[in-house]
Structure formats: structure tokens, C-alpha cells
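What Swiss-Prot records for this protein:
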| type | residues | note |
| --- | --- | --- |
| SITE | ARG28 | site 'Transition state stabilizer' |
| BINDING | GLU34, HIS35, THR36, ASP37, TYR223 | substrate binding site |
| BINDING | GLY124, ALA125, GLY126, LEU127, SER128, SER129, SER130 | ATP binding site |
| BINDING | SER130, GLU162 | Mg(2+) binding site |
| ACT_SITE | ASP174 | active site, proton acceptor |
Amino acid sequence: MSLKQHTQTIFRQQFDRESDITIKAPGRVNLIGEHTDYNDGFVLPCAINYETVISCGKRDDRQIRVIAADYENQQDIFSLDAPIVPHPEYRWADYVRGVVKHLQMRNADFGGADLVICGNVPQGAGLSSSASLEVAVGQALQSLYQLPLSGVELALNGQEAENQFVGCNCGIMDQLISALGKKDHALLIDCRTLETRAVPMPENMAVVIINSNIQRGLVDSEYNTRRQQCEAAARFFGVKALRDVEPSLFFSIQDELDPVVAKRARHVISENARTLAAADALAAGNLKLMGQLMQESHISMRDDFEITVPPIDRLVEIVKSVIGDQGGVRMTGGGFGGCIIALMPLELVEQVRTTVAQEYPAHSGGKKETFYVCQASQGAGLC
């Protein structure tokens, strides 16, 4: 049974009527451009064919009623006419409540709704299950009530909900790619202007995500530390963000910076340049150059930003040993565990799968990987 059929069935069972519409919003993987988003830089993600699906219907009152199919049909009901505050128990409900509250703050004119939510974006793997949920809820209300909100506005609304209501600091990339993703394309995003450029992906190329299943310890505290170090470097150069520092200027005076701060800044500044080059390489179908840029990105994350861990480094090496210069591989996401992303010809996927299964557990304390073969997918919309 598809996610759409599943949510429609539960809607019928729980609410004794048919849903009006079903919408979806995808998760994402970032091909290159790591820890650049909060430095006003560039990122190159694609939406993936794992998504949050919501079947929904209008109500004739001012209640929002939500059922979480993935949490044993837990239910949340709240009023649009009372202050919207965090749920006393359900963490998932806060994402829904936050999106609704921030839509209200945008003066969006909408009434009550019944929602049934289900998703298959792996949680805790750095594939943006939360952004997928936020954009899906916004898209559901936008579609039900024909709200005059663009994809960029839905993405910003989701980011605000996560930052201010849920209390998790995040950049704009995850919500933006979920809202604006384009089938068979990556999206080059300027995180300062929010301008985007669709970048075609070569045909017959697989987007492979491998979860190391190494739990992402330290990620919150280390993320905040990295962010502070980047801000310190920007202050040193007298600019708003590291995006504004030319590589030539940085390399001419990097010795005057605190050595650790200099390493962090070097990653961000070089990663921005790599991301722009990668968009051009991908559009030209130059997988050899794309592979080199992804390799440089991983080395920079390992040595300058210091956010990889040995099992992740080994996993990257194992994949690279199979694909050579026919594709690229690097860690993706916040760091300290999580996933790697690999681009490769479809015909190499099974060889990579077999080699990783044979070699990786010896370097991970016996942990086995989880393997996802994805396609670059369309952003949020009707399902």
C-alpha cells in the first residue's frame, strides 16, 4: 500500500469521510555545500523519493485535528482561536503546531482542518524528515485554503517554526529544497538571496545514500561551536558572513587568525567555491570533476572542520575504491556520524552495496549500514 493509500484509508476510518486532497513533501540529501548555509553561502541539494504525505480535509469550525499514522495514530487537537503552545507530550505535534502558528503570524486566512500524516523519510539520518513534515503541513493548508504563499514563503515558514517554536537552530536549505525540488535536478541555492538554479543530473546516475548507523553524538553542541567559530572569523574580516570573504584575501592573512578558527573558515570559504564549481560540473555531466570536488569536500570536513568520525571516513574510502573517478562520495549532513552521499553510474550500485556490506562492519564496531538508492525528485505538491 502506498503512503497516499495509507493516509486516505486512515482518514476514512478516523473521520468517517473522504479526504479532500493528499499532498506530499520530500526529504533531501545535500550533494555538496556542507555547513555553508548559515554562513550565507551556497548549497547543492536534491529532493529525494522519500517523503511526508498528508491526506487532509476542511472542517467547518476552527479546530485543527491531526493524526500521526507513524505513531500508532496518536491524535492532537488544537484551536486556531486560542494561543498555540507546545504539546505537553508529543514532540511530533510541535512541528505541526509551529507551522500553523507561524502561518497565522503571516496573516494567512484559513480555517479548521483534519490531517492524517505519514512518512517514510528515515528519521535521525540527516535526510530532513522534520523539514519535510513542516513543508507538508504548510502545503496542506495552502492547498486546502488557496493561500497566496509561494514555495519560498512556505519554506521560510517551516524554518521559522523549527527555529522559534520547536527550538532547533537550522538553516533554510532543508525546507527550501523540500518546497522547490525539481525532478531529475539538483538545486543550487544561494542561502543569502534564496535564489535558486535547477541543475540537471546526468542520466543513468544513481543517488546513493548510505547510513553509517553511527549515532550522531555531540552534533548539537559541536554545531553551535562551529557556528560561533565561523561568526568569529567573519568579525575578524569585518564582513557579515564568511560568504563575503574572497579566497585570495583569506589565504593572504589566515595566519593572523586563531589557528582553529582559521581552519573552520578555510572549510567554509573553500566549500563555497567547490559548490559553485560542482553545479557547473554536474550540469556538464563531468562526473570525474564532480568526484574530485566531493573528495575535496570530505577531506576539508575531516581535516579543517573536523566533523567526521573514523567509521565514516572508512565508509567513504570503501565506496571510492569501487567507483573510482566515475562518481563521487562524501559525508553529508551535520557530522559525527549519519550518512554519506555517493553519485555513481547505475551499473555500479550493486557492486558498491556488496563491497560495503563485506568491508564496513569491521570498521564500525559491527554496525551494519543502511543503503538507500534514490532519485532526484519533485518538491512539495499534490500527491
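Using the three backbone atoms N, Cα and C, a Cβ is placed for every residue, glycine included.
Keep in mind that this is a model prediction, so the values were computed, not measured.
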Legend entry - Distance from GLU162 (Mg(2+) binding site) back to ASP37 (substrate binding site), taken between C-alpha atoms, in Å: 16
Legend entry - Least surrounded among the recorded positions, given as GLU34, ASP37, GLU162, ASP174, when other CB atoms within 10 Å are counted: ASP37
Inset, instruction - Specify all same-chain residues, apart from the site residues GLU34, HIS35, THR36, ASP37, TYR223, whose Cβ lies within 8 angstroms of the center of the Cβ atoms of the substrate site, ordered by sequence. - result: GLY33, TYR38, ASN39, GLY41, VAL43, GLY171, ARG226, VAL268, GLU271, GLY334
Legend entry - Residue from ARG28, GLU34, THR36, ASP174, TYR223 whose C-alpha is spatially nearest that of ALA125 (ATP binding site), among the recorded positions: ARG28
Legend entry - For the ATP site built from GLY124, ALA125, GLY126, LEU127, SER128, SER129, SER130, further residues of that chain with CB within 8 A of the site's CB center: GLY27, VAL121, PRO122, GLN123, GLY333
Legend entry - Local Cβ density at LEU127 (ATP binding site) - other Cβ atoms counted within 10 Å: 28
Inset, instruction - Would you count the other CB atoms within 10 A of the CB of HIS35 (substrate binding site), including those on all shown protein chains? - result: 25
Inset, instruction - Please report how many Å separate the Cα atom of THR36 (substrate binding site) from that of GLY124 (ATP binding site), as a whole number. - result: 21
Legend entry - Site of maximum Cβ density within 10 Å, from binding-site residues SER128, SER129, SER130: SER128
Inset, instruction - Give me the non-local Cβ neighbours of GLY126 (ATP binding site): same chain, 6+ apart in sequence, Cβ-Cβ under 8 Å, ordered along the sequence. - result: ARG216, THR332, GLY333, GLY334, GLY338, CYS339
Inset, instruction - Please name which of the recorded positions listed here, LEU127, SER128, SER129, SER130, ASP174, is nearest in space to HIS35 (substrate binding site), Cα against Cα. - result: ASP174
Inset, instruction - Identify, among the recorded positions ARG28, THR36, GLY124, ALA125, TYR223, the residue whose Cβ has the fewest other Cβ atoms within 10 Å in this structure. - result: GLY124
Inset, instruction - Between TYR223 (substrate binding site) and SER129 (ATP binding site), find the distance joining the two CA atoms and give it rounded to the nearest Å. - result: 19
Legend entry - Candidates ARG28, GLU34, GLU162, ASP174 (recorded positions) with Cα within 10 Å of SER129 (ATP binding site): ARG28, ASP174
